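Chemist: Input: one structure, supplied below.
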Amino acid sequence: MWQILLAISIFSLSKLSNAQQQPKVAPPQITNFLAEDKVAPEEVKFRDTDVWQLVLPCRATGSNPLKWVWKHNNAEINKNKFIFDRDWELLSDGTLRARGLNISDRGTYQCFVEDTVTKVSTFSRKLRVEVTAVGDFKSHKDFTSSVKLGEPLNVECPPRGPSFGVTFAWTSKKARSIQFPISNRVAIDPSTGNLHIMYITEEDVSTFNDLEGIRCTISAANTFYSSGALTLQIIPGKEIKLSSPSFTSSTSSPNENAVEGRRKDLYCEATARPPPKLVWKKNGVELKSGIDFIEIPEAFEGRLLSITSVKESLHETTFTCEASNNQTIASGPAQQNFVLNVEVAPRWASKPPDSLKEIPISSNGNLSCDVYAQPEPEIKWYRDGREITQSSSKVEVSGSKLLFKDTTLDEAGIYQCSAENVHGMIVSSTYVKVLAIAPSFKNGFGPFYLFQDSEGRLKCDPEAAPRPSTFKWFDENGAEIKSGNGYTIEEDGTLVITKVERSQHAGKFSCYAKNFLGNATAEGTATVYDRTRIVRGPSDLSVNEGTRVDLRCEAVADSSLELHYTWKRDDATIEYNRRVQWLKDQNVLTIADLTVEDAGIYTCVAYTPQPKYSEAKASAIVNIAGAPFPPTNLMLSSECQNRNTTLSWVTGESNNASILYFLIERKSQYADDFWQVIANVTNPNATSHPLVKLAGNADLAFRIRAVNRFGPSRPSEPTGSFCRTIRAVPEKWPDNFRGVPGKAEELTIAWTAMRRVEWNGPGLYYKLWYRRVNSGDALVEVRREASSDSFVVPDAGYYRQWEFQIQAINEVGEGPKSPLVKQFSGQDPPTGKPEDVTVGTITARSVELSWKKVTFTRGSVDGYRIYFWGESRVSAKRRRRAIPGYASVTNVTGVNTERYTVTGLKPYTNYKFVITAYNSGGNGPESDQVAADTDEAEPGPPSDVQVFVFAKYILVTWQPPSEPNGVITNYRVGTETYTGSQPTDVTVNMEETGVEARRKLLRDLVPETNYVVEMQAATSKGWGTSFRKTEKTVAWAAPAKPEKPIVEGTAVDEVRVDYKFGLGGGYTHDFLVMFRKKIEGQEFQNTSWVDHFQQQSIIIGNLDPELYQFKTVARNDYPSQENPQESPASDITEARPRPGISNVGKRVSTPIYQSAWFIALLVLIALLLLVLLTFVLYTRHQGAKYLVGKREKKRAAALIDREHFDEEEGSFSNNGRADHPPPYPSQGSLPRGADSDRDSLDDYGEGPQFNEDGSFIEEYGDEKKAPPEEKDPSSLATFV
């Protein structure tokens, strides 16, 4: 009973709180807080009251008034501090700011925000702040140090007050600006200021005396303090001349701790005479600045090693400082080791908890605080700003997880996870929203598309919280559908139909869904379509390289749906091109000129598009003869947790050619990744290979190809289990990093965004640095998202050189920095054009050009662009006046280049050339155009060559070459047998056919024999490239069944029948035509036999004007010439003679459009319209006048427009008559073509003609009237 009451209570409460449980009051959320600690020296200065040194934003949102509280080192900052101390302020948006700071103000700062009405609160992470400060020396008393010449001197910088971010120097007592010089013999410890001189010389004593002693000076934040002065007292003794290196006490201990992401300095000092050379090594390998975040500043003579950003994976190891000089003994240099232990401030191991978590009422959920840190962090959970100290029946704290059980509305709120160790703290904030929603189908239900004889799935997915506990399905008759008898109702409510039947399953379905808050029912219609089926799939093939394969795929689908096809090779979609084509009308995928890379598994996918999606697949294996079979049984030795594994395999058949090597390919789960070769195993007997430094944070699969002299095998099946790697730092910077100058004063820095598999971890972004070269400015740093590929440099200036650098960073750490790249910003294009362009040596495929170089004072000339275009000299008639869009271009670099040979031209072609100077701003003005005709050359192979193979004949047909390279003068064709495996070595004797021939029958061949067919075309330069093809003649047999004949009416009582032979049998010697009227009971009549060698068609006359049926029969000398066997008759073609009056006086029907009366009627109508139009034009314009000024303006505008059109569109001319008359024809001059060199006076005399009435009617007529030359010439075309 109490369970029912509880359910009723919850139901009532849920109704009051609205189905979505959208809160009326938004809880407070911090929206702006610093992501980085303020710990860099000089970032926060002490005692500076001019500016606000500490500014910590803590903006937050919420429905009610908010209250901000800040804590410093876990103690609340008293609000009175903001009232009485003018150097501390708490702004209305929660920002804390301060100035005039002291060293005591360093530490952690944390922001708390509270809703003043609901008392719900939230908080930020603890932000670490270091105050750059200088402590004064405790004593300023001078002091003296006694030392012998040749012995080392070590002097401590005297005690002083607390300091941070300071630098040390030893300066003159007379003037602080005069420093005691640092050298390879003199060092100052950067962390303590202690002075170390390897050995004292007379020069040192003299320097001390000149400076009147030296003082330890400490400085930071524009503050300086100096200690008392040090003077030297020299003790008499014998000077030590030479010594080998030995290490003094160091401020760095043998075991050092560092924090990931922060700076770490290691310092070593050695004494020797002469001064030693210091080298830093990591695990025995010498370190260099700029690699793996290592910097060895030259100012410290190699004593200081700085790691600018510590990485656990790179730097948790042993570093060695080695010292050596010419006194180093045979045992090697002196060494000092530093073992670096890297600790880590808390960070999210994968990602922080979501900012919003929706949990259906009465359901379970969880929040995970997945953190990585060293040492282990303390994890705490908070609700509405209050720590959850113990679990309840509804919310349980389980280490880094927070578990919600049987959730009620009371569990809604702000939940925060904090993870803290000695190095830092991170905080998450999640609003947990409890949903209570009765089932609703407002987002729709159906329609459903099912396919005959396939599995059908009908989803029932209402909006509901909790998920419905009850689902019921009903058919259109209202009968409930239960699991069984071909139905299954899955847990999520989906109705599964095992095998769809149209008669049973087309119609309406209803789904009923219920939870304890309510129920809902929806009705949808199911339509059943015929499923997609492949009726003829591709077959497995083994073919030779260089041949062609045809893969057929025919499918059927529902007639109301559109059927599509796509092809895949090894699961990658095939891109169609000139070599790989899908012949849609034939349902054939054809691949020409096969290469070994084309081997693979080809899959045809036939489908109907979404939402009515149905697909069918069929696959075939295509092996390229000679290449090995792929390896099998691929195995991985481990799951790749450390980014290393070993791949093993079983070698496949080599196909009679020894395997040379193996190619290992890799692919990840990311959508932008593809199969990529990552290893070349050169040992042909290998059966395993180690894979190291794999891509991080990825699920990887591998496959392998074996390679022999014929090429690579098909790829193996990929590894069955994924290789899942841990996260790592990026190992590269973005590819194609460069500068791209744009218009004047523009510069874009561009790169190729890194593919997801190259990230090595989540959260990738780029750091970009840039500055103007030789400006003295610091590098400007910007941050760019992983998907970005460019950055526009602000205020780039006119033709200024910039330098820039990029780095990829992810949540694990920083990748390597790119080298500095330099580029000039944008400039204007050159203003001059190349002059005196001349043509030099000409060959069939090249033209030499020369010109005078261009100078440009406001930037650079990077080179020249040569534009060229042409057309065959056979058809060339006109010259272009502007560069057409299809022109080719060649870039010639170098401003001083004045001669260049353009290659790759087509023979026997008229080319035009235009040259421009260019730079990053674009092209300069165009040069004058020059022309050249290339010489003839040998032609390419004939085109559209078809080879029809029979038993004793081969028929070859062709068309002229697509690359004639001149005037074709002849063809030749021939054939020759071959028995070896290399038919290219066979010499073919060919017979000339003459230039007009388009077919050649090769006779007297041997059945079932391999032949090489070869043919060539010729120009005056000789025979061109051969077309060669290997074929095998068929067995001796009668002709195959002919194709349907082509029949055309040639007269009112006759037709021409064209014979079309069939393939697969012997060649046709003779053929006859069988014909009859298409009347029931009519018998076929036969023509006499026609010699197929002499003619391929026949005229049949004396026919009636009725429909006839025609078919053909063929024969040859099989099995004997005396008793030949006829072929089967072809299929029937129906046709009739040409309509008209027959010669026997019978009238047949004539189409209306060919009737004489209809043609006469059209002519009469046209004449009437012409007379009417002439009358209208005459009456409108008679006696009209207009002003001379307007007429002249119109004429000038027309001339300008015409000139503009010529310049943009281009026009052609030659020495003959122009294709179109000029816009203002001269009445007293001969026609002439357009000429760009004409003088402006050439247009004089082309004005309007003088009429008999003594006035210039055209010139001064009605201003509405267009002059004759402005009329559209097409206006009368209809009546001509």
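In case you wondered, yes, glycine gets a Cβ from its N, Cα and C as well.
Per Swiss-Prot, the features are:
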COMPBIAS  1118-1130  compositional bias 'Polar residues'
COMPBIAS  1262-1273  compositional bias 'Basic and acidic residues'
DISULFID  Cys58-Cys111  disulfide bond
DISULFID  Cys268-Cys321  disulfide bond
DISULFID  Cys369-Cys417  disulfide bond
DISULFID  Cys460-Cys511  disulfide bond
DISULFID  Cys553-Cys604  disulfide bond
DOMAIN    939-1033  domain 'Fibronectin type-III 4'
REGION    1118-1144  region 'Disordered'
REGION    1206-1280  region 'Disordered'
SIGNAL    1-19  signal peptide
TOPO_DOM  20-1156  topological domain 'Extracellular'
TOPO_DOM  1178-1280  topological domain 'Cytoplasmic'
TRANSMEM  1157-1177  transmembrane segment
Chemist: In whole Å, how far does the CA atom of Cys460 (disulfide bond) lie from that of Cys553 (disulfide bond)?
Modeler: 37
Chemist: Quick check: in three-state DSSP terms, what is Cys58 (disulfide bond)?
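Modeler: Going by the DSSP assignment, Cys58 (disulfide bond) belongs to neither helix nor strand, so it counts as coil.
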Chemist: May I ask which residues of the same chain, at least 6 positions away in sequence, place their Cβ under 8 angstroms from the Cβ of Cys553 (disulfide bond)?
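Modeler: The list for Cys553 (disulfide bond) reads Ile534, Arg536, Gly537, Pro538, Tyr565, Trp567, Asn587, Val588, Leu589, Cys604, Ala606, Ala618, given in order along the sequence.
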Chemist: Of Cys58, Cys111, Cys268, Cys321, Cys511, which is closest to Cys417 (disulfide bond) if I measure between C-alpha atoms? They're all disulfide-bonded residues.
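Modeler: Minimum Cα distance from Cys417 (disulfide bond) across Cys58, Cys111, Cys268, Cys321, Cys511 lands on Cys111.
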Chemist: I need the CA-to-CA distance for Cys321 (disulfide bond) versus Cys511 (disulfide bond), whole Å please.
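Modeler: Pair distance, Cα basis, whole Å: 77 Å.
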Chemist: Averaged over the domain 'Fibronectin type-III 4' (939-1033), what pLDDT does the predicted model reach?
Modeler: 92
Chemist: What is the nearest of the disulfide-bonded residues Cys268, Cys369, Cys511 to Cys58 (disulfide bond), using the Cα of each?
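Modeler: Among Cys268, Cys369, Cys511, Cys369.
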Chemist: Quiz question: given the disulfide-bonded residues Cys321, Cys511, Cys604, which has the greatest number of C-beta atoms lying within 10 angstroms of its own C-beta?
Modeler: Cys511
Chemist: Among Cys111, Cys268, Cys369, these being the disulfide-bonded residues, pick the one whose CA is nearest to that of Cys511 (disulfide bond).
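Modeler: That would be Cys369, the closest of Cys111, Cys268, Cys369 to Cys511 (disulfide bond).
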Chemist: With DSSP, how much of the domain 'Fibronectin type-III 4' (939-1033) is helix, how much strand and how much coil, in residues?
Modeler: 3 helix, 46 strand, 46 coil
Chemist: Per DSSP, Cys268 (disulfide bond) is which: helix, strand or coil?
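Modeler: DSSP assigns Cys268 (disulfide bond) to coil.
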Chemist: Can you name the residues of this chain that are 6 or more positions from Cys111 (disulfide bond) yet have a C-beta less than 8 Å from its C-beta?
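Modeler: Once residues fewer than 6 apart are set aside, Cys111 (disulfide bond) is near Ile30, Phe33, Leu56, Cys58, Trp68, Val69, Trp70, Gly94, Leu96, Phe123, Ser124.
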Chemist: Within 10 angstroms of the C-beta of Cys268 (disulfide bond), what count of other C-beta atoms is obtained when all protein chains are considered?
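Modeler: Looking across every protein chain shown, the total is 26.
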Chemist: Compute the C-alpha separation of Cys369 (disulfide bond) from Cys268 (disulfide bond), stating it in Å without decimals.
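Modeler: Cα of Cys369 (disulfide bond) to Cα of Cys268 (disulfide bond) measures 42 Å after rounding.
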Chemist: Which entry in the list of disulfide-bonded residues, Cys369, Cys417, has its Cβ near the fewest other Cβ atoms, using 10 Å as the limit?
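Modeler: Cys417, out of the disulfide-bonded residues Cys369, Cys417, has the fewest neighbouring Cβ atoms within 10 Å.
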Chemist: DSSP secondary structure for Cys460 (disulfide bond), reduced to helix/strand/coil, please.
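Modeler: Once the DSSP labels are grouped into three classes, Cys460 (disulfide bond) ends up as coil.
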Chemist: Sort Cys553 (disulfide bond) into helix, strand or coil using the DSSP assignment.
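Modeler: Note: Cys553 (disulfide bond) is coil by DSSP, not helix or strand.
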